[in-house]
Amino acid sequence: MSSDSEMAIFGEAAPFLRKSERERIEAQNKPFDAKTSVFVVDPKESFVKATVQSREGGKVTAKTEAGATVTVKDDQVFPMNPPKYDKIEDMAMMTHLHEPAVLYNLKERYAAWMIYTYSGLFCVTVNPYKWLPVYNAEVVTAYRGKKRQEAPPHIFSISDNAYQFMLTDRENQSILITGESGAGKTVNTKRVIQYFATIAVTGEKKKEEVTSGKMQGTLEDQIISANPLLEAFGNAKTVRNDNSSRFGKFIRIHFGTTGKLASADIETYLLEKSRVTFQLKAERSYHIFYQIMSNKKPDLIEMLLITTNPYDYAFVSQGEITVPSIDDQEELMATDSAIEILGFTSDERVSIYKLTGAVMHYGNMKFKQKQREEQAEPDGTEVADKAAYLQNLNSADLLKALCYPRVKVGNEYVTKGQTVQQVYNAVGALAKAVYDKMFLWMVTRINQQLDTKQPRQYFIGVLDIAGFEIFDFNSLEQLCINFTNEKLQQFFNHHMFVLEQEEYKKEGIEWTFIDFGMDLAACIELIEKPMGIFSILEEECMFPKATDTSFKNKLYEQHLGKSNNFQKPKPAKGKPEAHFSLIHYAGTVDYNIAGWLDKNKDPLNETVVGLYQKSAMKTLALLFVGATGAEAEAGGGKKGGKKKGSSFQTVSALFRENLNKLMTNLRSTHPHFVRCIIPNETKTPGAMEHELVLHQLRCNGVLEGIRICRKGFPSRILYADFKQRYKVLNASAIPEGQFIDSKKASEKLLGSIDIDHTQYKFGHTKVFFKAGLLGLLEEMRDEKLAQLITRTQAMCRGFLARVEYQKMVERRESIFCIQYNVRAFMNVKHWPWMKLYFKIKPLLKSAETEKEMANMKEEFEKTKEELAKTEAKRKELEEKMVTLMQEKNDLQLQVQAEADSLADAEERCDQLIKTKIQLEAKIKEVTERAEDEEEINAELTAKKRKLEDECSELKKDIDDLELTLAKVEKEKHATENKVKNLTEEMAGLDETIAKLTKEKKALQEAHQQTLDDLQAEEDKVNTLTKAKIKLEQQVDDLEGSLEQEKKIRMDLERAKRKLEGDLKLAQESTMDIENDKQQLDEKLKKKEFEMSGLQSKIEDEQALGMQLQKKIKELQARIEELEEEIEAERASRAKAEKQRSDLSRELEEISERLEEAGGATSAQIEMNKKREAEFQKMRRDLEEATLQHEATAATLRKKHADSVAELGEQIDNLQRVKQKLEKEKSEMKMEIDDLASNMETVSKAKGNLEKMCRALEDQLSEIKTKEEEQQRLINDLTAQRARLQTESGEYSRQLDEKDTLVSQLSRGKQAFTQQIEELKRQLEEEIKAKSALAHALQSSRHDCDLLREQYEEEQEAKAELQRAMSKANSEVAQWRTKYETDAIQRTEELEEAKKKLAQRLQDAEEHVEAVNAKCASLEKTKQRLQNEVEDLMIDVERTNAACAALDKKQRNFDKILAEWKQKCEETHAELEASQKESRSLSTELFKIKNAYEESLDQLETLKRENKNLQQEISDLTEQIAEGGKRIHELEKIKKQVEQEKSELQAALEEAEASLEHEEGKILRIQLELNQVKSEVDRKIAEKDEEIDQMKRNHIRIVESMQSTLDAEIRSRNDAIRLKKKMEGDLNEMEIQLNHANRMAAEALRNYRNTQAILKDTQLHLDDALRSQEDLKEQLAMVERRANLLQAEIEELRATLEQTERSRKIAEQELLDASERVQLLHTQNTSLINTKKKLETDISQIQGEMEDIIQEARNAEEKAKKAITDAAMMAEELKKEQDTSAHLERMKKNLEQTVKDLQHRLDEAEQLALKGGKKQIQKLEARVRELEGEVESEQKRNVEAVKGLRKHERKVKELTYQTEEDRKNILRLQDLVDKLQAKVKSYKRQAEEAEEQSNVNLSKFRRIQHELEEAEERADIAESQVNKLRVKSREVHTKIISEE
């Protein structure tokens, strides 16, 4: 079971596909008693749930859910499955498999709208009778490439499995969608085609262009479009189904080698032609008739000469005419679009509609009988004229052919008379033939279009056959349909139950053959075998005098009483008569055979067919090419060969031929079955009738299919394939390097894997698996591959890291070497010998260079020679290379040619294999036909012999009759005499005879009644004997099953006792859990109190950070001052140093002079003493000065070091604070930028709105002025009209004189009248368009109300989910406490709890992703809404401009009218025309005035709508601003949660696999308890090993730290020894002191970092600071004496460098140890801080999430409002589009007017000179104006079309956005649940972090203690050094004094 987060990819379809996690947990926790929970038989509901009260003596007393107590037999009680099996997706997984379990599982899933359920190897679907969102694009994407067990049941899953099997197994596939009529087969077929067209798209447009020049759609578009076209002409409403397929179709979708769509074709079977002319009351004819009459396309109504009322046409109005679930108008547009996409030419399209209209007219043709004759004659020709016109026929010829057809008698044609009924029959037959042939021709054209000529390899066939039908009136069509379903059910049974078990036997698997009793051969043989129903029907069709009665008698004679499936129906009141009954698998059907012989022969009027063949309509002539009275037709538009003679082929024979082809196709494919179920007969959504569903389940073999799936081995794989794929699970099981058989390898591999070894079997060539095991192996393989890849990555990364480390080591050694050499050079560079060496070495080099030059010359000559040789060789090699390249190219060409030939050969081979398969199939068909023919021939010969015997007997009877006739003649004469005597006696006997005849009749009736009763009793005896045999068999079976039940009952009793013990343990554990829950609640309160304290601490820390920032600034200023003082001190020190060097130089000169004057006098000695005393004095002064300088420098240095250390530490802290603040600053900047952008967009929108308002106000004022102008114009026109009327009297006197001119100008008048009529018609069209738009507005508002109701339902569902979520959280807490308390006793339960918590962490992560997705979607929504608002405003401006243009055009029209009136006044020649024109113009003006008033009303409505829009836009802008704020808050949450995500990712990945394993283990815990315990023990051992490993790791870490400390101690001891050895080395001590100073500063920084947590170390730090001050004082003393020992320092520097290197190594190790301590400490603090931060963030997030959810709800409501507004705008745009179309028509009319005017101008030039010139000028000006208007209208039309497309796109986006908002609300709700789970996990992490911090703190204290000991040892060493210094000074003074 996948989690809710994994189901998120299905979008809004998820709740309709799989139970939520909450429901699954509730089902597992639901109380359930396996002993008492049962189903019991109920007379009304079939089965009901009940609880057992008692069991006594084979009787069970139970209490039903309704509260009723019932007592039933043991065999009427069925155990109930545990709650975890509620709504299970695969019913084969049920513990108890029986009818009530299957029924209730389907019912509960159906109630939750999960309509798809697996039933073993096939899928069951229940018709929902409503639209469900489970077929959209995201669901298609989610199912793509998914295994069956990875996704919920769905028709897409079946389709994808078929597609994957085709690609992997390289075998053709078929999907058989079966079920009764109305079960949903057609819808599922459409979804299958939609799926294949989506996943296997080619994306290429077809290259062909039709005659209209339009490019066709892609192949996938055409495949999808074929469906609506075929549905329009082949689907109709029936009693059980509003969209029932009245024909069968087998759609083959062909794929190429890469799995892409290659082509497709469709085969159709048995279109129900009779529906064209006849329908039952509750049914209707084919959809296309009602689509045409829906008036969606008025041009069709005009073209077909029909009305929009179906009741005007007899053929289509015998039943219902409307269907509530079908919109005929929308369906007409879809049909018309499909015709265009599928490449029908315009002529073909028109022909299709015309022929459909002609069929409707055929039904209205009337005929009557001639007086005193039986001959028929037409009763009116109007309808016939229409039908003939539509078919391009002569009406008279058509009527003559119908009433007087020509019949061929011998070699001559004779005219035959027809009665009225015969004519009506002929008309109906022709209508059916035309419709049927047109349908088959359309299928042929579709196949031609779908055949792309691309290479194709395999196909997937989808079968959609009309479902099983049981009507009140069942005819030949129903028999064919039901027979087809019988054959398909038999194919299913054979495939599922027979072939499957034969495969087991063939593979050598131990298997006991199971007979499921699903053989339907008896019924099939009754219909199709020789002397069956079809055979007798075809035989009767051969005899010319055969009737329905003779056919019925033959059926009774042949089958009644001989076949159990053939029965005589019982008469029922109120139902049509039935002649025989057949027992089908789905029920007993009563058939009426009236008219079967005519239907089967399907005769046509050959004379009318001849007219059709000669029709000018190409399509009609093509339909009847080569047709005769009875046609040979092939299904699917393919003409098949004739079977029965050359004259005709019957309908039943053709049907059987096509059915056999279909079954052959299906047998050559791998089938996939989908069983469709009708839930109820009333088409009510959500309701299920138990008895109806059970009947279908029994008939469809659902239970048997589940049993064979459970008992058998549905999954199988070849040994080699298994070894190749699953070797990775345990590679060591199959030894490398040696040959091993694939079977043995598979056996070893499976034996080494930890799975149930009873779940698979080994066959001869394959290994067989039970259901579900192969999926488990796939999961294990995926886990293994993930481990191997992870390990490989780790090894690669480790290798790369080691290589990099080796490079670093080498680089370090090189640097040390360079440093050593440079230092050595610096020491010896002033040595005189070295200087001499530097001078001599270049001289030596010059001599060496001369030698080298000579050598180089020799080498140069040698290399020159070698170069010449190599050049020669190179040329030779290049020549060889050229030849080799030529050879290589030749070889490549040969290889390519061979490869091409090989590919051609392979293709030919494949084609030959395919043709071989096809030929084999044909051979089978031919052999089957031959066998049928032989059987029929044998039957006919037997009949012939029988008839010959009867003829001979009849001849004998005739001879006997002739002899008796002669005797009678003789006796006649004798009797004549007797008759005379007896006449008198006859009169007396007449009365007696009358009495006797009455008695005879009564006796005959009684005799007939007794005969009937006898026949019925015999039938009963036969049926009773058969029933007795069956019952005896059932008794035997029941006795065997009773023994099995007893055994099972004993086992169940044992299991019951065991479960009772488990129940007691579970109850005890529940009590413990409740106690632990109370304790945890108390802990939770404490933690919440601690969290509040931590929050206050965080606020204090933030305040401290602000103070530290201020202090940083002050300290920086102080640092700058100290640096200036240091610079001054350095300058003074340099000056003193210079003086000291001068004095030392003078001292040296004086000493040299003293040595030279060694033998000087005493005076000189005294002088020397004086000078020496002066020198000593100066020296002391110098020393005191230097000491003072040193002291001041030391104090400054000390202050500087203190301040630097302190500031450095503060800088580090502040640097971190600064980084954090900079990060926050950047985040705030981003938020500010977003806000600024939002503000800009809002301000822009506001500005646009203001502009729009101003524009609208300006337009309003302009419209008012225009209105006033129009009013003035109207007044002028009325005045002109009055004036013209007064002048009309005067003009009438001149009428006679101008008759000649009137005749010439009448043409102009006619043109103007046409123009006025066109304007009238356009006005009417505008009114119609307006009413249509108003209707669309109403429908959109209704849709809006529906959406609002749906939203409220969603809100209620969401509230319900929240309540369920809180309940689930409480249950999670209970489970958690249970697992924590029972951790030691129940390790397994503890692990499960841990994994569940890990799963919740994963859920939290997925919810985070959902929140991120919602943030992005909300941002997109905001931007899109803003853009749409702007676009809509622009469109409104455009429409206003269009209105203004229309007004301008209106004024132009008014000007034109005024000009023509002026022409009337100027030209007396046009007197009469002007009078009539003025009258017509006045009437037109009145109409225009009315239209103008209507336009004013529309303008007012537009103003109101604009105001509403402005108000809504302002609301939207406010919502957008609020949404922006919410989005920024969500982005903050997103960043915080992303940080948490990175920390939790690793833990989630580790826990994911184990969680699924543990959940599966919980489900099997009752049956696998022992296995689970062993698993637990193993896992405990693994955990112990992990703990031991962790301990070892910690011990190693401690040991490494101890070793580093030991190394540090050793280095300290070495340093002490070095100090003792080098007592005079004061420079060494200075370096050590500097190092100690650095160490002290480092310790100070470490101390201050840990100051908040480790307060107890404060005392140690104070001691360290005091020791630092002492060291600094010692440093000052050392520096004062350093000047005296400078020479000694120079001598000892080399030694110092060696010791320095060893010292640095020790120091580095010490630094590493201290860094480790610091790292541990920082980790500890970071964990604590993280804990605090997360706890505060969680509380904030919870509050913010509630606000966000509320805001999202508001945003959704506003989005809905925006959608309605957009819909209104779209409607307005549609009005404008209609207006533009109207203007386009006006443009065409004006162009026509220009042409007429031009013609009139030519004529007027001949009649008038001056007046003509004026008229020409005016007309030219008029032409120019009209051309300008035409151009402007074209531009406006283009703009209107663009605007329309844009608005349509926006409406779609808004609807999509609404759906996105709903999804986001659901995601947010899930996020709340997951965040609550996350809080608990964080608390647990915080506790672990506290434990870890305590461990780290103890380690730190120990290391700190060791560090203090090391510092004490260093202090001791320094004190010893000081003592040595004192001694050295004393020794030095002694030496000086002695000198």
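Placed from the backbone N, Cα and C atoms, the Cβ positions cover glycine too.
Among the residue ranges 311-325, 761-775, 806-820, the one that Swiss-Prot annotates as region 'Actin-binding' is 761-775. Residues 90, 92-93, 120, 147-149, 504, 506-510, 709-710, 712-719, 722, 743, 746-747, 750, 755 of the same chain sit 6 or more residues outside the region 'Actin-binding' (761-775) yet have a Cβ under 8 Å from a Cβ within it.
Those residues of the chain, other than Gly179, Glu180, Ser181, Gly182, Ala183, Gly184, Lys185, Thr186, with a C-beta within 8 angstroms of the mean position of the ATP site C-beta atoms are Asn127, Asn241, Ser244, Gly467, Cys676, Ile678.
Nearest in space to Glu180 (ATP binding site), taking C-alpha to C-alpha distance over the modified residues Thr69, Tyr424, His757, Ser1261, is Tyr424.
Reduced to three states, the DSSP call for Ser181 (ATP binding site) is coil. Across the recorded positions listed here (Lys185, His757), the residue whose Cβ sits among the most other Cβ atoms within 10 Å is Lys185. Note on the region 'Actin-binding' (659-681): residues 106, 110, 119, 121-127, 129, 155, 158, 161-162, 165, 169, 171-180, 182-185, 188, 240, 250, 267, 269, 461, 463, 467, 483-484, 487, 491-492, 495-496, 687-689, 692-693, 696-697, 700, 702, 917, 921, 924-925, 928 of its chain, located 6 or more positions outside it, place their CB under 8 angstroms from a CB of the stretch. In this view, the densest Cβ surroundings among the recorded positions Gly179, Gly182, Tyr424 belong to Gly179, judged by other Cβ atoms lying within 10 Å. For Ser181 (ATP binding site), the same-chain residues lying six or more positions away in sequence with a CB closer than 8 A to its CB are Thr238, Arg240, Asn241, Ser244, Ala466, Gly467, Phe468, Glu469. Over the domain 'IQ' (785-814) the predicted model carries a mean pLDDT of 94.
Residue counts for the region 'Actin-binding' (761-775) under DSSP (helix as H, G, I; strand as E, B; rest coil) come to 3 helix, 6 strand, 6 coil. When other Cβ atoms within 10 Å of the Cβ of Thr69 (phosphothreonine) are tallied across all protein chains shown, the result is 10. Secondary structure by DSSP for the region 'Actin-binding' (659-681): 9 helix, 8 strand, 6 coil. DSSP assigns Thr69 (phosphothreonine) to a strand segment in the three-state reduction. Taking Cβ-Cβ distances under 8 Å and a sequence gap of 6 or more within the same chain, the neighbours of Thr186 (ATP binding site) are Glu231, Asn235, Asn243, Ser244, Ser245, Asp464. When DSSP labels each residue, the domain 'IQ' (785-814) comes out as 30 helix, 0 strand, 0 coil, counted as helix, strand and coil in that order. With DSSP classes pooled into helix, strand and coil, the tally for the domain 'Myosin N-terminal SH3-like' (33-82) is 3 helix, 31 strand, 16 coil. Non-local neighbourhood of Ala183 (ATP binding site): Thr125, Asn127, Gly467, Cys676, Ile677, Ile678, Gln696, each in the same chain, at least six residues away, with C-beta under 8 Å from its C-beta.
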